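Q: This structure is in structure tokens; I'll ask about it shortly.
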Amino acid sequence: MQDTTLHIRHLGKQDYESVWHAMQHYTDTRDSESHDELWIVEHPPVFTQGQAGKSEHILNAGDIPVIQVDRGGQVTYHGPGQLVVYPLLDIKRSKVGVRQLVTHIEQSIVDMLAKYDINAYAKADAPGVYVDERKIASLGLRIRKGCSFHGLALNVDMDLAPFRRINPCGYAGLEMAQCKALGGPQTVIEAGEQLTITFSQLLGYQHLVHHQGLAAS
């Protein structure tokens, strides 16, 4: 039976590795009674290389660290002004398939941007969300013990130049877009608030409980 309560954790600005390890710990130690959670965070500049990643897609990392991680997908960039959302969900309990979860995540971004009259869309052959063939949101998940972690990154109001140091998600020359320039959410906080609404509605959560920071381990 699905847990109809979703716990939202507002983490503020946090370094990537500490949040990644906290996600792993939560997933490894959760049981059938554990809450479904949505972690909302903003990271300092970092490139993360997924399990399918190839080193040749990192063109010139320069002074930005590269971290090899355990999510699906290839290389992407996180930095200030980007909304990062990690859904820590028991999809086995809620009977949601992995492909269905990916579709729900993409659609929640599309629905949120539609409120701002931005015509965004997903692609069957390239996970993420796009506007006029430019990528505005990236997606990479990991499923362990029937539970999801890692998640999505939505460009809101950021310096997009570091994306030119990589082939984003393995695609050479892929152009990026961001919300503020398109008349969408102007801040990471606004984007997080709006995306939480569309995501929880699509996944069938009826109650939202908000927390500041991570739970004490």
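Cβ atoms here come from the backbone N, Cα and C positions, even for glycine.
This is the feature table in Swiss-Prot:
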type: ACT_SITE; residues: CYS169; note: active site, acyl-thioester intermediate
type: BINDING; residues: ARG71, GLY72, GLY73, GLN74, VAL75, THR76, TYR77, HIS78, SER138, LEU139, GLY140, GLY151, LEU152, ALA153; note: substrate binding site
type: DOMAIN; residues: 32-207; note: domain 'BPL/LPL catalytic'
type: SITE; residues: LYS135; note: site 'Lowers pKa of active site Cys'
Q: Sequence gap of 6 or more, C-beta under 8 Å: which same-chain residues meet both conditions with respect to GLY140 (substrate binding site)?
A: GLY50, ARG71, GLY72, GLY73, THR76, PRO127, HIS150, GLY151
Q: Does DSSP give the residue listed as 'active site, acyl-thioester intermediate' helix, strand or coil?
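A: The residue listed as 'active site, acyl-thioester intermediate' sits in a helix per DSSP.
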Q: Using C-alpha atoms only, work out the spacing between VAL75 (substrate binding site) and CYS169 (active site, acyl-thioester intermediate) and round it to an integer in Å.
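A: The separation of the Cα atoms works out to 5 Å.
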Q: Work out how many Å separate SER138 (substrate binding site) and the residue listed as 'active site, acyl-thioester intermediate' at their Cα atoms, rounded off.
A: 8
Q: Return only the integer: C-alpha distance in Å from LYS135 (site 'Lowers pKa of active site Cys') to CYS169 (active site, acyl-thioester intermediate).
A: 10
Q: Just to be sure I understand the packing, how many Cβ atoms besides its own are within 10 Å of the Cβ of LYS135 (site 'Lowers pKa of active site Cys')?
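A: For LYS135 (site 'Lowers pKa of active site Cys'), the count of other Cβ atoms within 10 Å is 22.
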Q: Taking the Cα atoms as reference points, how far is CYS169 (active site, acyl-thioester intermediate) from TYR77 (substrate binding site) in Å?
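A: CYS169 (active site, acyl-thioester intermediate) and TYR77 (substrate binding site) have their Cα atoms 9 Å apart.
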Q: Starting from the Cβ of CYS169 (active site, acyl-thioester intermediate), draw a 10 Å sphere and report how many other Cβ atoms land inside it.
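A: Taking every protein chain into account, the count is 21.
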Q: How many neighbouring Cβ atoms, not counting its own, are there within 10 Å of the Cβ of LEU152 (substrate binding site)?
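A: Result for LEU152 (substrate binding site): 24 neighbouring Cβ atoms inside 10 Å.
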Q: If I take every residue in the domain 'BPL/LPL catalytic' (32-207) and average their pLDDT values, what number comes out?
A: 94
Q: What is the Cβ neighbour count of VAL75 (substrate binding site) at a 10 Å cut-off, with all protein chains included?
A: 28
